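Visitor: Pasting a structure here, questions to come.
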Amino acid sequence: MSSIKIECVTKDGCRIGESPVWDEKESALLFVDITGRKVCRWSSVTKQVQAIPVVSSPNIQSPCTAPFCVGSVVIIVVRGCHQTWRSAHSCPLKLHSLLWLCPGTMAEETRPAVLERHQGSLYTLFSDLSVVKHFDQVDISNGLDWSLDHKTFYYIDSLSYSVDAFDYDLQTGKIGNRRSVYRLEKEESIPDGMCIDTEGKLWVACYDGGRVIRLDPETGKRLQTVKLPADKTTSCCFGGKDYSEMYVTSAIDGMDEEWLSRQPQAGRIFKITGLGVKGIPPYPFAG
């Protein structure tokens, strides 16, 4: 295995950084600051972050759900706006406000990871913008992804402390036969965002666990742990020219001054290299 290197690539911290998506065309990472109410883009070329404010908490539909159309990315907000920034190539990146049409919902948090239980649902947003609800009683919809053959859908309801799998029908979008493929151990804490690599293994960011873990969904075994200098790791995705780099978002909400003094890089974006595996490009959204 290659030598693993962890680098902090942003200067400022997010309150809750989330939903990283790699934009191959622009060599940039899109992500959001949920409670900071910003949609952000970090350029691997300029090393700078651009940010657009929104009026409500945003969520990018990441590779696991429904990200990029040509020249645009779908942003889900409860109430919001429609804004545009222009890239270096003058290609507009549209931010669409969709009222309540979230693939996964939850109650509003009173503080990080503390909320009224079982208030969320899981939906499918189809290319014609129609919506189907699959189930409710969800605490916090988080990581979503598919197996490489698209026959299995992976899903995390964070407060279940489990990574679950469903049988998936690519033609209809129907899911069924829910089962747990991995239950997190105490030190791993809360499962959050998730992505998949080219070997079909899952990578899960562990909120309050300060790490990403690599899982084999077939055996239910943890294969690898990469610890980061921030406890509140929130999500992860692969990126870079050949998708051999992993980007991890993090948060500072819920941390007091003493905690922050011990982790001055909390809330920033981290790049991990040397993992010895690669990821896959984001799936395009047909809508």
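Using N, Cα and C of the backbone, Cβ positions are placed for all residues, glycine too.
Model, not experiment: these values are computed from the prediction.
Per TrEMBL, the features are:
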DOMAIN    16-77  domain 'SMP-30/Gluconolactonase/LRE-like region'
BINDING   Glu18, Asn142, Asp192  divalent metal cation binding site
DOMAIN    104-251  domain 'SMP-30/Gluconolactonase/LRE-like region'
BINDING   Glu109  substrate binding site
ACT_SITE  Asp192  active site, proton donor/acceptor
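So where do these features actually land, and what's packed around them?
Guide: The average pLDDT computed over the domain 'SMP-30/Gluconolactonase/LRE-like region' (16-77) stands at 73.
In the shown protein chains, 27 other C-beta atoms lie within 10 A of the C-beta of Asp192 (divalent metal cation binding site).
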